[in-house]
Amino acid sequence: MIEGDTQWLLLCLAGFCVGLAKSGFSGFALISVFLMAEMFGKQSVGILLPMLIIADFVVYPLYRRHGSWRAVWHLLPIAVVGVAVGFVLLEAMPEAWAKPVIGSLILIMVLLQLVRQFDPDVVHRLAHSKGFGLLAGGFAGVATTIANAAGPVFQLYFLARQLPKMELIGVGARFFLVINLIKLPFMGGLAYTTTETLWLNAKLTPFILLGIIVGRYALRWVSQQVFEWMIVLFAIFSALKLLMA
């Protein structure tokens, strides 16, 4: 399955970036997505998923005192619908179509975040509307299924709702733990996650844990404003890479 030291090095880097992403720096997840897709193609979504779940189980206890389950239950039903739609698209839609669609919608979320800097009242009203929550939750479900790319969407949505960074990370830990566990049996059913890929995930666990440790300590030195702009810049980068894929 793995050929040569270079691939192992890239896999270790992917695991490290998963840990960084789960500790709050969500943009690093994109690096993992690209590295895994380069090596495993379409099956990469099923190989990467258990790595995300490993990180979810570690991160949730670390950040459980931040945020609450209330925000999760608000988004979860429509996100589950999005996951179901995502699995249909994963089988039926060419990958060349999926990535530009995700990239375009991420750019729309970025635009809303930039508008917030100049007219926060408009975005505040929109972010607290039921329709916006349904759109964001549904799209996050689709994006996490077909590309493991829901992080930027999720964080931009809650930034628009003016959630502080530690609460955002705590809510994200809850949300993705549930969503990723829901996805796992379906990935197994499609043979994207197998006993062989799970053994690979186990070997990469130390690098995931290292990424979480580094990210958690780095987060202490990042202000709310810098944190928000990092999310915006990573989201723009993510969207452009998806559009050019």
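Just so you know, glycine gets a Cβ as well, placed from its N, Cα and C.
What TrEMBL records for this protein:
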TRANSMEM  6-33  transmembrane segment
TRANSMEM  45-63  transmembrane segment
TRANSMEM  69-90  transmembrane segment
TRANSMEM  97-115  transmembrane segment
TRANSMEM  135-159  transmembrane segment
TRANSMEM  171-192  transmembrane segment
TRANSMEM  198-219  transmembrane segment
TRANSMEM  226-244  transmembrane segment
Could you check if the transmembrane segment (135-159) is in contact with the transmembrane segment (6-33), meaning 3+ Cβ pairs under 8 Å among residue pairs at least 6 apart in sequence? yes
For the transmembrane segment (45-63), could you work out the same-chain residues 6 or more beyond its ends whose Cβ comes under 8 Å from its Cβ atoms? 14-15, 18-19, 21-23, 32-33, 36, 90, 145-148, 166, 169-170, 173-174, 176-177, 180-181, 183-184, 187-188, 190-194, 197-198, 200-201, 204-205, 208-209, 211-212, 216
